[in-house]
């Protein structure tokens, strides 16, 4: 893929199906050097189903922050049973977590945006950076509909902050598209969605959303909307608020 022009690739694959996008990516990138980052969201569950149908040996990894909902762990078990595979699991450095909690408290993320970013950095970003260091490309469940900061993403992108390709096969899918696929293919999903959650992260930082709110309004709901990225996709935010 190094020799291909991303602009040309996006023109070709913008209207292609996620399966065709994934097939192209797997033809261009060594299987050991590409992986799906899964949070067990409906987006990532759909991509898990699609990917394992394209190639059952795909790498799929999960960042275990230590603060997830029990429902997320239950879904992880259910998904592994259904598809007969295992996630690669990465977690934070124990000493970093101990230092953060000892100094700032277990719920420091409510105190300021800076402390919330610090918690995300320790629990999510650093483990992510470890796995991305082994890859040439990562597959994500980002969708343009999710938030303003994601509204202009391309299917194929160069992730400058991590120096590798980022592939968004369902960038132009709606939430309705996801649920249609989930019901048709019987894809496992978290029961939290039935309780009004639409974007699920760590338990203390996620709430159900109200009618009319956008998909990610339940994440870090005490912060202003334009700052709502955990750092995994920091390249999506304007430089002045990073």
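Placed from the backbone N, Cα and C atoms, the Cβ positions cover glycine too.
Annotated domain 'Phosphoadenosine phosphosulphate reductase' per TrEMBL: 34-208, in sequence order. On the 0 to 100 pLDDT scale, the domain 'Phosphoadenosine phosphosulphate reductase' (34-208) averages 96 in this prediction.
Taking Cβ-Cβ distances under 8 Å and a sequence separation of 6 or more, the neighbours of residue 119 ([4Fe-4S] cluster binding site) in its chain are 100, 108, 109. What TrEMBL records for 119, 120, 202, 205 is [4Fe-4S] cluster binding site.
What TrEMBL lists as active site, nucleophile is 230.
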